[in-house]
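> What TrEMBL records for 43-67, 74-92, 112-137, 144-163, 183-203 is transmembrane segment.
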Amino acid sequence: MITKIFIIATTLLAVMNPFGNVPLFVSMTESLSKKMRNKLFDLIVYTGFSIVILFGLIGDILLKYFFKVEMMQIKVAGGLILIIVAIKSLLTPKEKKQNNSSKNILESEEEILQQGIIPMAFPILVGPGTMTTILIIKKESGSLYVILATIIAFIIIKVLLTYSHFIEKIFGKLVLYILSRVMQIFIIATGVKMLATGIFEIIKSFQ
């Protein structure tokens, strides 16, 4: 059970890609005081965690009864999203994203906290890929695994963000960049698996 929880937590970390987001969040908060930066990072973590847990618990109900979508269709859509997002991330220079983001000048505390929710918590940290992944994990493993794995994943993210400036200084942007790219490979592999499983289930449903 413990091994499975850590595997799921690793999958969530790969999809959310906190290693790749460390330089981005550093560039977006470099003008803030340490106290304000930590407050912002706490908000990002708590907001992201709440979104994942909430969607993990009731997301399938919303899709089934409000949008009339089956899990096999979610797997196909989720697989495509993961593949496209990962490939786009691999082909898009990270530095360009950071420069564009760092142009946003945050003046008031309210504006800073708003940035913590959108776009930093959603959709930069928790995006469509994370939400579809969590639905599939719940379907295959159950809510308990989703909750425990999400807690572990966000504890790691909390540590990474809290010490993001320190981590960037130690490892440098190049190492974090490489880690981010390695994560994208795992995301593509996960997306291919989701897509193939979804297509197989759709074909099987017509037989």
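Don't overthink the numbers, they just go from 1 along the chain as shown.
Cβ atoms here come from the backbone N, Cα and C positions, even for glycine.
Please treat TrEMBL annotations as automatic predictions, because they have not gone through curation.
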> For the transmembrane segment (43-67), I need the partner stretch with the highest count of C-beta pairs below 8 angstroms, choosing only from 74-92, 112-137, 183-203.
112-137
> Take a look at 74-92, 112-137, 144-163 and tell me which one has the most Cβ pairs under 8 Å to the transmembrane segment (183-203).
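Top-ranked stretch among 74-92, 112-137, 144-163: 74-92.
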> Looking only at residues six or more beyond either end of the transmembrane segment (112-137), which have a C-beta under 8 A from one in the stretch?
8, 11-12, 15-16, 18, 21, 24-25, 28, 32, 36, 39-41, 43-44, 47-48, 51-52, 55-56, 59-60, 63, 71, 74-75, 77-78, 81-82, 85, 104, 106, 145-146, 149-150, 157, 187, 190-191, 194
